[in-house]
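What TrEMBL says about this protein:
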type     : residues : note
TRANSMEM : 20-40    : transmembrane segment
TRANSMEM : 60-78    : transmembrane segment
TRANSMEM : 98-120   : transmembrane segment
TRANSMEM : 265-286  : transmembrane segment
Amino acid sequence: MAVLKVKFTKTKRDKLAQILWILNWVSVVSGIILFSLGLFLKIEIKKRNEVMAKGDINSVPNMLISVGVIACIINFLGGKICYDCSDANKFSRWKLVMLPYIVCTFCFTFCILVGALMCYTMRNELEESLYLGLRDAIKFYKDTDIPGRCFLKKTVDLLQIGFRCCGNNGFRDWFEIQWVSPRYLNMASKEVLDRLKSNVDGKFLVDGVPFSCCNPSSPRPCIQYQLTNNSAHYNYDFLTEELNIWMKGCREALLDYYTGIMRSIGIAALLIWLFELCVLIGVRYLQTAMKNVLLLGDLEGESDGWLLENSFVETAKYNINIIKNLGKANQISTVSGMNDPNINVQNTDCDKTNITTKSIPAAR
(Lines of atoms letter the chains of each structure in order from A and count residues from 1; the text may use other names and numbers.)
(Lines give C-alpha, C1' and ligand atoms only; values in the text may rest on other atoms or scores of the structure.)
Protein backbone atom coordinates (compact mmCIF):
# COMPACT_ATOMS: atom_id res chain seq x y z
CA MET A 1 0.00 0.00 0.00
CA ALA A 2 1.37 3.41 -0.98
CA VAL A 3 2.41 5.80 1.78
CA LEU A 4 0.60 9.18 1.90
CA LYS A 5 -1.11 8.79 -1.46
CA VAL A 6 -2.55 11.98 -2.98
CA LYS A 7 -4.65 12.35 -6.13
CA PHE A 8 -3.59 15.07 -8.57
CA THR A 9 -5.50 16.64 -11.42
CA LYS A 10 -3.67 18.26 -14.30
CA THR A 11 -4.22 21.70 -12.77
CA LYS A 12 -2.78 20.59 -9.44
CA ARG A 13 0.24 19.02 -11.14
CA ASP A 14 0.93 22.22 -13.05
CA LYS A 15 0.60 24.37 -9.93
CA LEU A 16 2.84 22.01 -7.96
CA ALA A 17 5.50 22.17 -10.68
CA GLN A 18 5.37 25.98 -10.73
CA ILE A 19 5.56 26.26 -6.92
CA LEU A 20 8.49 23.84 -6.76
CA TRP A 21 10.27 25.77 -9.49
CA ILE A 22 10.06 28.92 -7.35
CA LEU A 23 11.01 27.09 -4.13
CA ASN A 24 14.07 25.56 -5.76
CA TRP A 25 15.29 29.03 -6.67
CA VAL A 26 14.69 30.07 -3.06
CA SER A 27 16.72 27.01 -2.05
CA VAL A 28 19.61 28.32 -4.15
CA VAL A 29 19.54 31.40 -1.92
CA SER A 30 19.50 29.15 1.18
CA GLY A 31 22.59 27.41 -0.21
CA ILE A 32 24.31 30.78 -0.50
CA ILE A 33 23.31 31.50 3.12
CA LEU A 34 24.82 28.21 4.29
CA PHE A 35 28.01 28.96 2.38
CA SER A 36 28.18 32.45 3.91
CA LEU A 37 27.60 31.16 7.45
CA GLY A 38 30.33 28.55 7.07
CA LEU A 39 32.72 31.15 5.63
CA PHE A 40 31.91 33.58 8.46
CA LEU A 41 32.59 30.92 11.12
CA LYS A 42 35.84 29.93 9.42
CA ILE A 43 37.03 33.55 9.38
CA GLU A 44 36.08 34.05 13.04
CA ILE A 45 38.07 30.96 14.01
CA LYS A 46 41.04 32.04 11.91
CA LYS A 47 41.06 35.48 13.58
CA ARG A 48 42.09 33.85 16.86
CA ASN A 49 44.05 30.97 15.41
CA GLU A 50 47.08 32.01 17.50
CA VAL A 51 45.31 31.13 20.75
CA MET A 52 43.85 27.84 19.49
CA ALA A 53 45.59 24.50 19.27
CA LYS A 54 45.47 22.64 15.99
CA GLY A 55 42.52 20.25 15.80
CA ASP A 56 39.29 19.44 14.01
CA ILE A 57 37.61 22.72 14.86
CA ASN A 58 37.46 23.65 11.17
CA SER A 59 35.34 20.60 10.34
CA VAL A 60 32.06 22.45 11.00
CA PRO A 61 32.76 25.52 8.80
CA ASN A 62 34.20 23.28 6.06
CA MET A 63 31.06 21.13 6.22
CA LEU A 64 28.78 24.17 5.93
CA ILE A 65 30.77 25.63 3.03
CA SER A 66 30.68 22.33 1.12
CA VAL A 67 26.97 21.81 1.75
CA GLY A 68 26.23 25.37 0.67
CA VAL A 69 28.00 24.91 -2.67
CA ILE A 70 26.26 21.57 -3.29
CA ALA A 71 22.90 23.14 -2.38
CA CYS A 72 23.30 25.79 -5.07
CA ILE A 73 24.10 23.17 -7.73
CA ILE A 74 21.39 20.68 -6.76
CA ASN A 75 18.64 23.26 -6.36
CA PHE A 76 19.55 24.96 -9.62
CA LEU A 77 19.12 21.60 -11.38
CA GLY A 78 15.91 20.96 -9.41
CA GLY A 79 14.47 24.26 -10.59
CA LYS A 80 15.10 23.31 -14.21
CA ILE A 81 13.52 19.86 -13.71
CA CYS A 82 10.41 21.23 -11.99
CA TYR A 83 10.00 23.90 -14.67
CA ASP A 84 9.99 21.23 -17.41
CA CYS A 85 7.64 18.96 -15.44
CA SER A 86 4.74 21.30 -16.11
CA ASP A 87 4.77 19.77 -19.61
CA ALA A 88 4.34 16.00 -19.82
CA ASN A 89 6.33 15.85 -23.06
CA LYS A 90 9.32 17.64 -21.48
CA PHE A 91 9.04 15.42 -18.41
CA SER A 92 9.96 12.40 -20.54
CA ARG A 93 13.55 13.61 -20.85
CA TRP A 94 13.85 13.80 -17.04
CA LYS A 95 11.94 10.61 -16.30
CA LEU A 96 15.02 8.46 -15.67
CA VAL A 97 16.90 11.25 -13.93
CA MET A 98 14.35 12.26 -11.30
CA LEU A 99 14.57 9.23 -9.02
CA PRO A 100 18.40 9.37 -8.76
CA TYR A 101 18.06 13.13 -8.28
CA ILE A 102 15.63 12.61 -5.39
CA VAL A 103 17.96 10.04 -3.76
CA CYS A 104 20.95 12.39 -4.07
CA THR A 105 18.91 15.30 -2.71
CA PHE A 106 17.81 13.19 0.25
CA CYS A 107 21.45 12.42 1.08
CA PHE A 108 22.27 16.09 0.69
CA THR A 109 19.49 17.18 3.08
CA PHE A 110 20.81 14.62 5.57
CA CYS A 111 24.22 16.34 5.32
CA ILE A 112 22.57 19.66 6.21
CA LEU A 113 21.08 18.04 9.31
CA VAL A 114 24.49 16.62 10.25
CA GLY A 115 26.07 20.06 9.81
CA ALA A 116 23.41 21.64 12.03
CA LEU A 117 23.96 19.04 14.76
CA MET A 118 27.73 19.44 14.53
CA CYS A 119 27.29 23.09 15.53
CA TYR A 120 25.97 21.88 18.89
CA THR A 121 28.53 19.09 19.39
CA MET A 122 31.60 21.17 18.59
CA ARG A 123 31.82 22.76 22.04
CA ASN A 124 34.07 20.11 23.64
CA GLU A 125 36.63 20.17 20.80
CA LEU A 126 36.62 23.97 20.82
CA GLU A 127 37.07 24.12 24.60
CA GLU A 128 40.07 21.79 24.48
CA SER A 129 41.60 23.72 21.58
CA LEU A 130 41.20 27.03 23.42
CA TYR A 131 42.62 25.62 26.66
CA LEU A 132 45.79 24.33 24.99
CA GLY A 133 46.18 27.35 22.72
CA LEU A 134 45.74 29.93 25.49
CA ARG A 135 48.07 28.00 27.78
CA ASP A 136 50.86 28.20 25.21
CA ALA A 137 50.10 31.81 24.31
CA ILE A 138 50.38 32.89 27.95
CA LYS A 139 53.51 30.80 28.38
CA PHE A 140 55.23 32.59 25.48
CA TYR A 141 53.84 36.05 26.36
CA LYS A 142 57.29 37.26 27.42
CA ASP A 143 59.09 36.10 24.25
CA THR A 144 58.84 39.42 22.43
CA ASP A 145 62.33 39.03 20.92
CA ILE A 146 61.91 35.49 19.57
CA PRO A 147 60.80 35.16 15.91
CA GLY A 148 57.45 33.39 15.60
CA ARG A 149 56.38 34.38 19.12
CA CYS A 150 56.94 38.12 19.15
CA PHE A 151 53.31 38.76 18.16
CA LEU A 152 51.78 36.76 21.04
CA LYS A 153 52.02 39.56 23.60
CA LYS A 154 50.00 41.89 21.39
CA THR A 155 47.54 39.09 20.57
CA VAL A 156 46.93 38.20 24.22
CA ASP A 157 46.65 41.85 25.31
CA LEU A 158 44.11 42.67 22.59
CA LEU A 159 42.21 39.49 23.43
CA GLN A 160 41.99 40.34 27.14
CA ILE A 161 40.94 43.91 26.42
CA GLY A 162 38.39 42.99 23.75
CA PHE A 163 36.76 40.08 25.60
CA ARG A 164 37.18 41.55 29.11
CA CYS A 165 38.98 38.50 30.42
CA CYS A 166 42.21 37.63 32.16
CA GLY A 167 44.32 34.50 31.89
CA ASN A 168 43.22 31.09 30.68
CA ASN A 169 40.98 29.97 33.53
CA GLY A 170 41.34 33.21 35.53
CA PHE A 171 43.78 35.92 36.60
CA ARG A 172 45.72 33.51 38.86
CA ASP A 173 47.13 31.77 35.76
CA TRP A 174 49.57 34.69 35.47
CA PHE A 175 50.95 33.89 38.94
CA GLU A 176 52.23 30.50 37.71
CA ILE A 177 54.37 31.66 34.80
CA GLN A 178 57.08 34.19 34.15
CA TRP A 179 55.38 36.72 31.91
CA VAL A 180 57.94 39.53 32.33
CA SER A 181 60.69 39.33 29.71
CA PRO A 182 64.27 38.94 31.11
CA ARG A 183 65.12 41.93 28.95
CA TYR A 184 63.27 44.12 31.45
CA LEU A 185 64.61 42.49 34.63
CA ASN A 186 67.43 44.14 36.55
CA MET A 187 69.74 41.25 37.23
CA ALA A 188 71.81 43.47 39.55
CA SER A 189 68.87 43.82 41.92
CA LYS A 190 68.99 41.58 44.96
CA GLU A 191 65.19 41.34 45.01
CA VAL A 192 65.10 40.03 41.46
CA LEU A 193 67.91 37.53 42.11
CA ASP A 194 66.26 36.28 45.30
CA ARG A 195 62.97 35.76 43.47
CA LEU A 196 64.68 33.90 40.64
CA LYS A 197 66.43 31.58 43.12
CA SER A 198 63.38 30.97 45.28
CA ASN A 199 60.94 30.06 42.52
CA VAL A 200 60.65 26.91 40.43
CA ASP A 201 63.19 26.53 37.60
CA GLY A 202 64.58 29.97 38.29
CA LYS A 203 61.48 31.77 37.01
CA PHE A 204 60.55 35.32 37.94
CA LEU A 205 57.10 34.63 39.37
CA VAL A 206 55.02 37.50 40.74
CA ASP A 207 51.46 37.87 42.00
CA GLY A 208 50.69 40.33 39.24
CA VAL A 209 48.96 40.47 35.87
CA PRO A 210 49.52 42.38 32.59
CA PHE A 211 47.91 45.78 32.15
CA SER A 212 45.36 44.34 29.72
CA CYS A 213 43.64 42.58 32.63
CA CYS A 214 42.65 45.91 34.19
CA ASN A 215 39.00 46.89 34.22
CA PRO A 216 38.74 50.53 33.05
CA SER A 217 35.26 50.79 34.58
CA SER A 218 36.64 50.39 38.10
CA PRO A 219 36.75 53.67 40.10
CA ARG A 220 40.01 52.64 41.75
CA PRO A 221 43.34 52.89 39.87
CA CYS A 222 44.29 49.50 38.55
CA ILE A 223 46.17 47.27 40.95
CA GLN A 224 48.02 44.82 38.75
CA TYR A 225 51.03 44.04 40.97
CA GLN A 226 51.12 42.47 44.44
CA LEU A 227 47.48 41.52 44.17
CA THR A 228 47.68 39.25 47.23
CA ASN A 229 49.68 41.68 49.40
CA ASN A 230 47.25 43.78 51.44
CA SER A 231 50.02 45.88 53.01
CA ALA A 232 51.25 47.05 49.62
CA HIS A 233 48.07 49.04 48.97
CA TYR A 234 46.07 51.42 51.13
CA ASN A 235 42.61 50.29 52.25
CA TYR A 236 42.87 47.04 50.33
CA ASP A 237 41.88 43.44 51.06
CA PHE A 238 42.12 41.09 48.11
CA LEU A 239 39.97 38.44 49.83
CA THR A 240 36.94 40.66 50.38
CA GLU A 241 37.28 43.56 47.96
CA GLU A 242 36.15 43.22 44.37
CA LEU A 243 39.34 43.40 42.37
CA ASN A 244 39.58 45.93 39.57
CA ILE A 245 40.76 43.37 37.04
CA TRP A 246 38.70 41.05 34.85
CA MET A 247 37.65 37.96 36.78
CA LYS A 248 36.51 35.81 33.86
CA GLY A 249 39.05 33.60 32.12
CA CYS A 250 39.60 34.09 28.39
CA ARG A 251 38.80 30.46 27.65
CA GLU A 252 35.31 30.86 29.11
CA ALA A 253 34.82 34.22 27.36
CA LEU A 254 35.86 32.87 23.95
CA LEU A 255 33.87 29.69 24.45
CA ASP A 256 30.73 31.71 25.20
CA TYR A 257 31.37 33.87 22.14
CA TYR A 258 31.80 30.96 19.73
CA THR A 259 28.98 28.97 21.31
CA GLY A 260 26.59 31.85 20.65
CA ILE A 261 27.70 32.01 17.02
CA MET A 262 27.37 28.26 16.50
CA ARG A 263 23.93 28.15 18.11
CA SER A 264 22.69 30.82 15.73
CA ILE A 265 24.24 29.00 12.76
CA GLY A 266 22.79 25.69 13.97
CA ILE A 267 19.27 27.15 14.17
CA ALA A 268 19.63 28.62 10.67
CA ALA A 269 20.89 25.29 9.32
CA LEU A 270 17.99 23.41 10.92
CA LEU A 271 15.46 25.80 9.36
CA ILE A 272 17.13 25.38 5.97
CA TRP A 273 17.05 21.59 6.44
CA LEU A 274 13.30 21.66 7.14
CA PHE A 275 12.74 23.86 4.09
CA GLU A 276 14.83 21.57 1.85
CA LEU A 277 12.97 18.54 3.19
CA CYS A 278 9.61 20.10 2.29
CA VAL A 279 10.85 20.87 -1.22
CA LEU A 280 12.13 17.31 -1.58
CA ILE A 281 8.74 15.89 -0.54
CA GLY A 282 7.06 18.09 -3.14
CA VAL A 283 9.47 16.91 -5.86
CA ARG A 284 8.75 13.30 -4.92
CA TYR A 285 5.01 13.85 -5.27
CA LEU A 286 5.53 15.56 -8.63
CA GLN A 287 7.75 12.74 -9.89
CA THR A 288 5.32 9.94 -8.95
CA ALA A 289 2.29 11.87 -10.23
CA MET A 290 3.91 12.55 -13.62
CA LYS A 291 5.17 8.98 -13.86
CA ASN A 292 1.66 7.60 -13.30
CA VAL A 293 0.25 10.00 -15.91
CA LEU A 294 2.55 8.53 -18.53
CA LEU A 295 1.65 5.00 -17.47
CA LEU A 296 -2.07 5.75 -17.77
CA GLY A 297 -1.59 7.41 -21.14
CA ASP A 298 -4.07 10.20 -20.38
CA LEU A 299 -2.05 13.40 -20.05
CA GLU A 300 -5.13 15.41 -19.09
CA GLY A 301 -6.47 12.94 -16.53
CA GLU A 302 -5.95 12.40 -12.83
CA SER A 303 -3.01 10.52 -11.36
CA ASP A 304 -1.84 9.36 -7.96
CA GLY A 305 1.27 10.63 -6.22
CA TRP A 306 2.94 9.19 -3.13
CA LEU A 307 6.06 9.25 -1.02
CA LEU A 308 6.63 5.49 -1.12
CA GLU A 309 5.00 3.02 -3.44
CA ASN A 310 4.93 0.39 -0.67
CA SER A 311 4.87 0.58 3.11
CA PHE A 312 7.96 1.58 5.08
CA VAL A 313 8.60 -2.03 6.15
CA GLU A 314 8.26 -3.44 2.66
CA THR A 315 10.45 -0.70 1.19
CA ALA A 316 13.12 -1.31 3.83
CA LYS A 317 13.10 -5.07 3.21
CA TYR A 318 13.30 -4.55 -0.54
CA ASN A 319 16.30 -2.21 -0.26
CA ILE A 320 18.06 -4.52 2.22
CA ASN A 321 17.67 -7.46 -0.16
CA ILE A 322 19.12 -5.37 -2.99
CA ILE A 323 22.14 -4.52 -0.86
CA LYS A 324 22.62 -8.16 0.18
CA ASN A 325 22.49 -9.37 -3.42
CA LEU A 326 24.82 -6.73 -4.81
CA GLY A 327 27.91 -8.91 -4.57
CA LYS A 328 26.32 -12.23 -5.38
CA ALA A 329 26.05 -11.77 -9.12
CA ASN A 330 29.74 -12.44 -9.74
CA GLN A 331 30.28 -15.11 -7.09
CA ILE A 332 31.24 -18.65 -8.23
CA SER A 333 31.03 -21.55 -5.82
CA THR A 334 34.39 -23.13 -5.03
CA VAL A 335 32.87 -26.28 -3.58
CA SER A 336 33.97 -29.35 -5.55
CA GLY A 337 31.27 -30.90 -7.62
CA MET A 338 28.95 -27.84 -7.63
CA ASN A 339 28.05 -25.81 -10.67
CA ASP A 340 27.84 -22.03 -10.91
CA PRO A 341 24.59 -21.11 -9.11
CA ASN A 342 23.96 -18.27 -11.54
CA ILE A 343 24.08 -20.52 -14.59
CA ASN A 344 21.44 -23.18 -15.00
CA VAL A 345 22.47 -25.18 -18.05
CA GLN A 346 20.87 -28.58 -18.60
CA ASN A 347 23.03 -31.30 -20.09
CA THR A 348 21.35 -33.01 -23.02
CA ASP A 349 22.44 -35.90 -25.16
CA CYS A 350 20.46 -34.64 -28.19
CA ASP A 351 18.81 -38.09 -28.47
CA LYS A 352 22.20 -39.74 -29.04
CA THR A 353 22.78 -42.41 -26.47
CA ASN A 354 25.61 -44.53 -27.84
CA ILE A 355 28.39 -42.55 -29.42
CA THR A 356 31.53 -44.48 -30.27
CA THR A 357 34.71 -42.63 -29.64
CA LYS A 358 37.49 -43.43 -32.03
CA SER A 359 40.80 -44.03 -30.38
CA ILE A 360 43.83 -42.20 -31.62
CA PRO A 361 46.31 -44.62 -33.18
CA ALA A 362 49.65 -44.78 -31.45
CA ALA A 363 52.56 -43.35 -33.33
CA ARG A 364 54.90 -45.90 -34.81
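Positions of Cβ are set from backbone N, Cα and C atoms, glycine also.
Here the transmembrane segment (98-120) has long-range neighbours at 34, 59-60, 63-64, 67, 70-71, 74, 77-78, 81, 262-263, 265-266, 269-270, 272-273, 276-277, 280, 283-284, 287, meaning same-chain residues at least 6 beyond its ends whose C-beta is under 8 angstroms from one of its own.
Tertiary neighbourhood of the transmembrane segment (60-78): same-chain residues 20, 24-25, 27-28, 30-39, 41-42, 45, 101, 104-105, 108, 111-112, 114-115, 118-119, 122, 262, 265, 269, 272, 276, 279, 283, selected by CB-CB distance under 8 Å and a gap of 6+ residues from either end.
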